[in-house]
Amino acid sequence: MNSNQNNDIKTKHHFPLLLALALTMGVFAAGSEELVISPLLPDLAKAFSSDVSVLALSISIYGVMIFIGAPLLVPLGDKYSRELSLLAGLMIFIIGTVICALAQNIFFFFLGRALSGLAAGAFVPTAYAVVGDRVPYTYRGKVMGLIVSSWSLALIFGVPLGSFIGGVLHWRWTFWIFALMGVLVVLLILLEMRRHAQHKNSGKEEIEEPAGTFRDALKVPRVPVYITITFCNMIGFYGMYSFLGTYLQDVFTGGNTAAGLFIMIYGIGFSMSVITGKIADRIGKMRSLLIALGVISVLLACLPYAPASMFLLIASLFIWGLMQSLTVTLLSTILSDCSERHRGKVMVFYSLASNLAVTLGSALMGPVYVAYGYAAVGLICAAITVLGFVLSVFAYKKYGKLEQKADQSLSQ
């Protein structure tokens with residue numbers, strides 16, 4: 001049990017509502033702006049007298065800058081303070097979003113998107129690290145579930161809302177609203193900083209340790225194995241999810257509408273991470289991860305055959321979303337608790353592993369889908385997820401006692 005968990009024993013009854021709201025809203029804003037580009041592409045192409053394929057590069061630019069932003073800005077949290085890293089990310093996000101809203105040519109729009117991607121790369125992993133720093137151990141799964149569910153909420157509500165605003169008013173208003181949301185998150189974090197400073201002054205002075213290096217972070221027990229599990233889970237997920245819509249369009253006559261409705265069922269399941277995270281807090285995070293990865297492995301192999309029954313397809317998509325959100329919540333929570341000193345850098349590796357899986361999952365499974373169909377994609381993605389499951393069994397046997405001791409201490 002680390003010192004962070006010792007502190008949690010004294011504060012376990014205090015749910016950090018303000019902090020949870022700030023982090024959830026920040027990730028929601030970042031996720032919404034990342035995803036809202038797709039429905040706005042025709043309007044953007046018309047505004048800048050360009051082609052949709054050219055404007056689509058703004059999505060790639062955003063992704064590349066996430067890779068740069070995470071290792072560049074997140075270590076500020078380890079060296080100085082998490083708030084500094086969060087505020088730096090938010091200020092860059094606001095500036096980038098305002099540039100997008102004001103852009104009169106495609107160059108400045110791409111510049112704004114690049115800054116927004118840089119900001120997301122800094123804010124999201126730092127938000128995960130802050131949960132490990134500030135949230136009592138008994139509430140970590142619940143708060144991490146809130147943050148994870150904000151990605152799903154961005155897809156279900158943020159993107160349609162942004163698209164609606166762009167259609168009714170103007171696409172520029174979409175970015176103005178996201179910028180205002182960023183300002184609101186800044187105010188919430190400043191309030192949280194003030195509250196934390198008062199609490200810190202009333203307690204004992206904390207001893208600062210050197211921040212360490214990325215290599216030091218990889219030497220922390222549990223980190224390499226759970227980063228690998230993250231990669232296995234994410235590449236299996238994105239490889240399967242990338243072609244789900246295309247497969248459903250081929251199976252059903254409703255085209256995009258039918259496929260969109262089925263994918264929404266997955267999103268509803270994913271948004272349940274607040275509930276599943278709370279349950280995982282009670283039965284144990286590492287044990288819950290075993291169950292989630294086992295269920296996902298079976299689902300991925302069977303999903304291509306689910307359309308034979310409408311009930312089976314709906315149930316499979318909902319359970320897949322439920323288990324995937326639980327897995328993401330658990331992995332981010334477990335990794336954030338591995339090391340207080342290296343927490344920021346650990347979450348950088350988590351973010352990089354997830355984003356690398358996004359790229360490789362669709363790229364590697366594309367040729368497989370074209371040549372052999374969705375069933376082959378399902379078997380390969382299931383096999384990769386099984387590898388993550390096997391690693392999680394190994395990790396539970398080797399490190400499970402650490403979590404059990406922490407839970408026993410917190411229950412006393």
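Glycine too: its Cβ is placed from the backbone N, Cα and C atoms.
Look at Swiss-Prot and you will find 17-37, 54-74, 91-111, 112-132, 146-166, 173-193, 225-245, 257-277, 299-319, 346-366, 375-395 tagged as transmembrane segment, backed by sequence analysis.
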Residues of the parent chain within Cβ reach of the transmembrane segment (112-132), under 8 Å, 6 or more residues beyond its termini: 4, 19, 23, 26-27, 30, 33-34, 37, 58, 61-70, 72-74, 77, 82, 85-86, 88-93, 95-101, 103, 140, 143-144, 147, 175, 332-333, 335-337, 340, 343-344, 346-348, 350-351
Cβ contacts under 8 Å made by the transmembrane segment (54-74) with residues that lie 6+ beyond its boundaries: 34, 37-38, 41, 44-45, 48, 85, 88-89, 106, 109-110, 113-122, 125-126, 129, 214, 344-345, 347-348, 351-352, 355, 358-359
Tertiary contacts of the transmembrane segment (375-395), as residues 6+ beyond its ends and Cβ separation under 8 Å: 222, 225-226, 228-229, 231-233, 235-237, 239-240, 243, 286, 289-290, 293-294, 296-298, 300-305, 361, 365, 368-369
Closest-packing stretch to the transmembrane segment (173-193), where packing means Cβ pairs under 8 Å, from 17-37, 225-245, 299-319, 346-366: 17-37
Beyond the flanks of the transmembrane segment (346-366) by at least 6 residues, Cβ under 8 Å: 63, 66-67, 70-71, 74-75, 121, 124-126, 128-129, 214, 217-218, 220, 223, 227-228, 230-231, 233-243, 331-332, 335-336, 338-339, 377, 380-381
Surrounding residues of the transmembrane segment (225-245) on its own chain - C-beta under 8 Å, 6+ positions past either end: 256, 259-260, 262-263, 266, 289, 293, 296, 300, 303, 324, 327-328, 331, 334-335, 338, 349-350, 353-354, 356-358, 360-362, 364-366, 369, 374, 377-378, 380-382, 384-385, 387-388, 391-392, 394-395
Beyond the flanks of the transmembrane segment (17-37) by 6 or more, those residues with Cβ under 8 Å of it: 44, 55-56, 58-59, 62, 86, 90, 93, 97, 113, 116-117, 119-120, 123-124, 127, 130-131, 134-135, 143, 146-147, 149-151, 153-155, 158-159, 161-163, 166, 174-175, 178, 181-182, 184-185, 188-189, 191-192, 195
